[in-house]
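Written below as structure tokens is the structure these notes are about.
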Amino acid sequence: MRVFHVKHFDVVVIGGGHAGCEAAAAAARMGVQVALFTLRKSGLGVMSCNPAIGGLGKGHLVREIDALDGIMGRAADEAGIQFRLLNRKKGPAVQGPRAQADRRLYREAVQRLLAAQPGLTVIEGEVVDLQVNGGRVQGVSLADGTSVWAGRVILTSGTFLNGIIHIGDQRRPGGRMGDDPSQRLAAVLGELSLARGRLKTGTPPRLDGRTIRWTELEMQPGDEDPVVFSFLNRAPKARQIACGITHTNARTHQIVRDNLSRSAMYGGHIEGVGPRYCPSIEDKIVRFADKEAHQVFLEPEGLDDDTVYPNGISTSLPAEVQEAYVRTIAGLEDVRILQPGYAIEYDYFDPRELRPTLEVKALGGLYFAGQINGTTGYEEAAAQGLAAGLNAALSIREREPLHFSRSGSYLGVMIDDLTSRGVTEPYRMFTSRAEFRLSLRADNADQRLTPIGLDLGCVSDARRESFNRKRELLEKGRALLEGSSFTPSQLNELGIQVSQDGMRRTAFAVMAFGEEAASAVARGVEGYGDLPEEIRQQLAKDGLYAQFILRQEEEAAALKRDEAIRIPADFDYAPLSGLSSELKSKLMRARPSTIAQAAQLEGMTPSALTLILARLRRAGRDAAAV
């Protein structure tokens with residue numbers, strides 16, 4: 001980070017959250033001069049809400065960011081104090097790495113990575129206006145009257161645009177607790193005539209870990225064989241800890257129920273829509289009234305920090321009500337609240353106003369990334385920041401833009417969802433959103449995206465060398481597997497039961513029979529067992545899904561062909577048990593007349609379309625039989 005001494009840059013990034021840090025680093029890796037504006041340098045990389053990175057779908061995004069040499073995965077590996085691979089018992093395609101992080105270590109890691117990045121200048125100051133000329137952005141103006149010129153501007157405002165913090169019936173302006181909102185810039189953006197709306201998110205009260213009865217709680221350790229995020233790392237760097245698990249109860253629920261009218265959300269003080277898949281404790285008790293208890297994870301916020309994050313009870317109830325209901329929870333009877341939970345409401349813009357590069361259609365040179373586009377979550381924000389930063393730098397260099405495809409990355413799925421379908425509620429990533437998820441595994445993100453990074457020039461020499469070594473080993477292993485074949489009798493001798501059909505099967509094809517088959521192949525193919533475990537694991541996953549991926553591609557093509565099929569106006573979605581309640585309500589409200597229209601609904605998934613098609617075809621057959 002250098003002292004601010006120039007007033008012209010190639011790219012200006014506004015905001016130092018997860019999207020802004022990733023955008024600034026990505027653009028600078030492309031060799032352009034970047035200025036990152038933030039209200040406080042000490043706030044760069046702050047984890048404003050939960051102290052965790054990754055998860056289902058989200059962990060895939062972190063791996064993709066890392067594959068393009070982004071910073072989130074490396075910072076999470078440095079700061080991670082508990083690593084868990086979610087969905088470990090399910091197929092590799094939907095397994096998601098997650099790490100609970102030490103807030104201080106994560107923030108310091110991000111700041112250190114930014115400081116080491118050539119071409120990146122971090123500047124403290126509030127951007128209050130955009131310099132525009134001839135329908136293109138030309139730079140920004142600061143609150144102190146300074147003008148800074150730049151050919152491209154990336155806005156990553158998070159929850160700061162007209163942000164309002166709510167605790168019960170109390171409300172005050174704020175971008176997050178302790179920070180002022182961005183109101184002047186919000187007014188300037190309002191003059192662009194872009195479609196905009198209000199969203200909200202929330203956070204739970206922070207607890208004093210010294211007042212928790214830890215000995216009375218169930219403890220959850222991390223994985224014994226932790227899976228880290230960066231392809232450059234092999235193991236966590238920080239000391240690992242366990243988290244506590246407790247539950248709400250009938251007393252908790254009654255206190256919340258009795259005070260619903262005092263909640264900012266249920267008291268009518270908030271107009272913004274909250275995240276469906278991260279509901280407040282008020283939402284849980286209203287929407288899931290039949291549930292007797294809700295799980296709460298007690299996550300220490302750091303190795304040297306007594307603050308505990310109670311994951312699962314975010315709220316906008318008054319502070320005294322929060323204290324009352326929290327103390328009904330087992331293990332928290334004497335707990336002290338260090339900071340009350342709160343809801344925050346903020347402006348966002350319809351992402352359909354953006355090109356797939358995340359450039360604003362109505363104003364050339366201006367890019368949006370993160371929560372300003374209607375997403376929720378650190379990982380979704382960081383991934384958008386990466387895409388915006390790379391594309392802004394490519395544009396400055398007058399090179400072809402980078403378009404991430406749905407078939408090649410979760411990043412491509414997210415950007416396509418946002419720019420083609422828009423959002424009416426905070427968007428978060430799930431593996432179910434990707435029609436090609438069998439080939440978009442977390443473990444092969446480098447094989448999918450690092451070659452793109454090499455072509456762009458955004459990947460370090462160290463990563464290039466590491467990637468090339470891994471690719472050579474994968475090619476060697478694949479050749480060994482494809483070059484070896486077995487008769488049914490030989491496979492039976494190895495402990496793999498197949499029909500005696502006389503067909504020889506390559507060792508790669510045998511991988512489709514699962515883990516035991518992969519172990520047997522390691523014994524039966526000369527030289528294969530000498531390959532590193534990581535390489536053999538990835539090849540086993542490639543083989544496991546090979547046939548399914550072909551079927552996946554055929555199903556995606558079939559869906560494309562079936563887009564013209566009509567859906568009756570009175571079609572009943574309620575009996576489709578495979579549809580989420582979210583999609584049922586959206587389908588019944590929108591009443592799409594064709595499969596193509598249904599496909600454009602926000603939150604629609606390929607599996608949901610397949611269910612609708614199957615029901616339509618069954619109805620057609622039944623009608624023909626009458």
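Using N, Cα and C of the backbone, Cβ positions are placed for all residues, glycine too.
Among the features that Swiss-Prot reports, FAD binding site is placed at GLY15, GLY16, GLY17, HIS18, ALA19, GLY20, VAL127, SER182, GLN371, with the record citing sequence analysis. Following the DSSP three-state reduction, the secondary structure of VAL127 (FAD binding site) is strand.
In the three-state DSSP classification, GLY274 (NAD(+) binding site) falls within coil. Under the heading NAD(+) binding site, Swiss-Prot lists 274-288.
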Exercise. What is the total of other Cβ atoms whose distance to the Cβ of ALA19 (FAD binding site) is within 10 Å?
Worked result: 33
Seminar exercise, completed: Rounded Cα distance, in Å, between VAL127 (FAD binding site) and VAL286 (NAD(+) binding site) is 41
For this session: Given the binding-site residues GLY274, GLU282, LYS284, state which is nearest to GLN371 (FAD binding site) when distance is taken between Cα atoms.
Result: GLY274
Exercise. So how far apart do the FAD binders GLY15, GLY16, GLY17, HIS18, ALA19, GLY20, VAL127, SER182, GLN371 get, largest Cα to Cα in Å?
Worked result: 18
Exercise. Any idea which of the binding-site residues VAL127, CYS278, VAL286 has the thinnest Cβ neighbourhood at 10 Å?
Worked result: VAL286
Exercise. Around PHE288 (NAD(+) binding site), which residues of its chain at least 6 apart sit with Cβ under 8 Å of its Cβ?
Worked result: HIS294
